[in-house]
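Following: one structure in structure tokens, then a few remarks.
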Amino acid sequence: MAKDNSEKLQVQGEEKKSKQPVNFLPQGKWLKPNEIEYEFGGTTGVIGMLIGFPLLMYYMWICAEFYHGKVALPKAGESWMHFIKHLYQLVLENGIPEKYDWTIFLTFWVFQIIFYYTLPGIWTKGQPLSHLKGKQLPYFCNAMWTLYVTTTLVLVLHFTNLFRLYVIIDRFGRIMTCAIISGFAFSIILYLWTLFISHDYHRMTGNHLYDFFMGAPLNPRWGILDLKMFFEVRLPWFTLYFITLGACLKQWETYGYVTPQLGVVMLAHWLYANACAKGEELIVPTWDMAYEKFGFMLIFWNIAGVPYTYCHCTLYLYYHDPSEYHWSTLYNVSLYVVLLCAYYFFDTANAQKNAFRKQMSGDKTGRKTFPFLPYQILKNPKYMVTSNGSYLLIDGWYTLARKIHYTADWTQSLVWALSCGFNSVFPWFFPVFFLVVLIHRAFRDQAKCKRKYGKDWDEYCKHCPYVFIPYVF
């Protein structure tokens, strides 16, 4: 450990970072009994989510499309059993996929895979992996090209009437079922493949339900295609983006204009999809890629959960006449201003953190993708050198709050919901759910960093004392 604070404040490039990973967390194929720490309520919580996730998705969709965005409840004098049968009948009539729905769903997957293998991109390396004796896996990143080639192709198909994009909303229940089935099927196949064929499993508890949920493999691949990275960017956020783009095209076709409310949601979803695409190589060195296993939780949520629950602001604006959400000009302008300000902090904070990681690893390559915003890269950033050889950034936006990118991220989600007003609870699902997720992740990260850095983390917190909101939280 450095003797005093002045020795911990270093200028970039003064020291060489060790390429050997630090084993501060359990490693190996099987966890020892004293290493097992169940998250999400253990087996009971996992069973609840395996059943609850799809049921919640169906219920939210039914309320959005068939109950005018209201919470569906039994009518006066209607029994709960009759009510549940009615909901089930709606799923049978409107949520069972036909061949056309599977064609739409799988064609998108196929083209995303083809584009991954064929479009230009850049190569980068992940973190040193303990189970591979410090080896860094190569990652090919071309999501930026993929996003805009896919957008061009989709618009050509739409305007030539070969495929009207808003069909994915008109057949929402059926296509969502395709995603739910695929999420379960892919998770089961990958888990069994890992256990019995590849044997590339890690940190298993021996509780198959829990291990299935959390995942068995760490970095499953099809050649150069890393499944975890592929699922994290292209399937969820591109799908959400195209759902909203379809809604905009429908409004333009129906009314001759796109409402300011749907416009701000479209801007938000494009900004987010674009941010994930342009920063794909910056996802590579994150905790999720280096240590999070790839199981049902990540697979299902990326295939089905994210695109088909986070889109309820879009569904509300699509299913309702614009007269039902006619806000004042000041309110509408405020939504755009708050969104763009939040995005600026979200983009630049993440860029500062990830550029610092690249600098410390000796990677001096730069990539200026649109939009390249001021203050994305810190020159000669201040940082701490910990006793285990790691570097902690104590400069830029992170001196204001350690999770300032979470705050900015959540603020964007708040704008999504505010665009719809308060007549339906379902557009508010994402910001409420996301707030819980971010708080859980923040405290999980706090505990992880405390274990990893020890007293160095206490020193770091003196430099960056706030978590979410400067001088408040």
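Cβ from N, Cα, C; glycine included.
Swiss-Prot lists 1-18 with the feature compositional bias 'Basic and acidic residues'.
Residues or ranges marked as region 'Disordered' in Swiss-Prot: 1-20.
What Swiss-Prot lists as topological domain 'Lumenal' is 1-39 (among others).
If one looks beyond the transmembrane segment (40-64) by at least 6 residues along the same chain, the residues whose Cβ comes under 8 Å of a Cβ in the stretch are 70-72, 87, 90-91, 95, 172-173, 176, 180, 207, 209-210, 213, 296-297, 300-301, 304-305, 308-309, 312, 315-316, 319, 424, 426, 429. The transmembrane segment annotation in Swiss-Prot covers 40-64 (among others).
Positions annotated as topological domain 'Cytoplasmic' by Swiss-Prot: 65-101 (among others). For the topological domain 'Cytoplasmic' (65-101), the number of residues in each DSSP class (helix H, G, I; strand E, B; coil) is 20 helix, 0 strand, 17 coil.
Residues of the same chain lying 6 or more positions beyond the ends of the transmembrane segment (102-123) and with a Cβ under 8 Å from any Cβ of it are 138-146, 149-150, 153, 163, 167-168, 171, 175, 178-179, 182, 223-225, 230, 234-235, 238-239, 281, 367. For 102-123 (among others), the entry in Swiss-Prot reads transmembrane segment, with the evidence type sequence analysis.
Under the heading topological domain 'Lumenal', Swiss-Prot lists 124-138 (among others).
According to Swiss-Prot, the feature transmembrane segment maps to 139-157 (among others), an assignment based on sequence analysis. Distant neighbours of the transmembrane segment (139-157): 111-112, 115-116, 119-126, 163, 165, 224-226, 229, 233-234, 238, 241-242, 245, 273-274, 276-278, 280-281, 284, 369; these residues of the same chain sit at least 6 beyond its ends, with a Cβ under 8 Å from one of its Cβ atoms.
In the topological domain 'Cytoplasmic' (158-174), helix, strand and coil residues by DSSP number 9 helix, 0 strand, 8 coil. Annotated topological domain 'Cytoplasmic' per Swiss-Prot: 158-174 (among others), in sequence order.
Among the features that Swiss-Prot reports, transmembrane segment is placed at 175-197 (among others).
Here the topological domain 'Lumenal' (198-232) is broken down by DSSP into helix, strand and coil counts: 14 helix, 7 strand, 14 coil. The topological domain 'Lumenal' annotation in Swiss-Prot covers 198-232 (among others).
For 233-249 (among others), the entry in Swiss-Prot reads transmembrane segment, with the evidence type sequence analysis. Sequence-distant contacts of the transmembrane segment (233-249) (same chain, six or more residues past either end, CB-CB distance under 8 Å): 108-109, 112, 116, 143, 146-147, 150-151, 154, 158, 164-169, 258, 262-263, 265-266, 269-270, 272-273, 276-277, 280, 283, 301-303, 305-307, 310-311, 314, 317-318.
The topological domain 'Cytoplasmic' feature in Swiss-Prot is assigned to 250-326 (among others); the stated evidence is sequence analysis. Here the topological domain 'Cytoplasmic' (250-326) has a mean pLDDT of 94 out of 100.
Annotation source Swiss-Prot lists transmembrane segment at 327-346 (among others), citing sequence analysis.
Under the heading topological domain 'Lumenal', Swiss-Prot lists 347-414 (among others).
Around CYS449 (NADP(+) binding site), taking its Cβ as the centre, 19 other Cβ atoms fall within 10 Å, counting all chains. Marked as NADP(+) binding site by Swiss-Prot: LYS353, ARG357, LEU393, HIS405, TYR406, ASP445, CYS449, LYS450, ARG451, LYS452, TYR453, TYR460.
Taking H, G and I as helix, E and B as strand and the rest as coil, DSSP gives the topological domain 'Lumenal' (124-138) the counts 3 helix, 5 strand, 7 coil. Just so you know, the Cβ of TYR453 (NADP(+) binding site) picks up 21 other Cβ atoms within 10 Å once every protein chain is counted.
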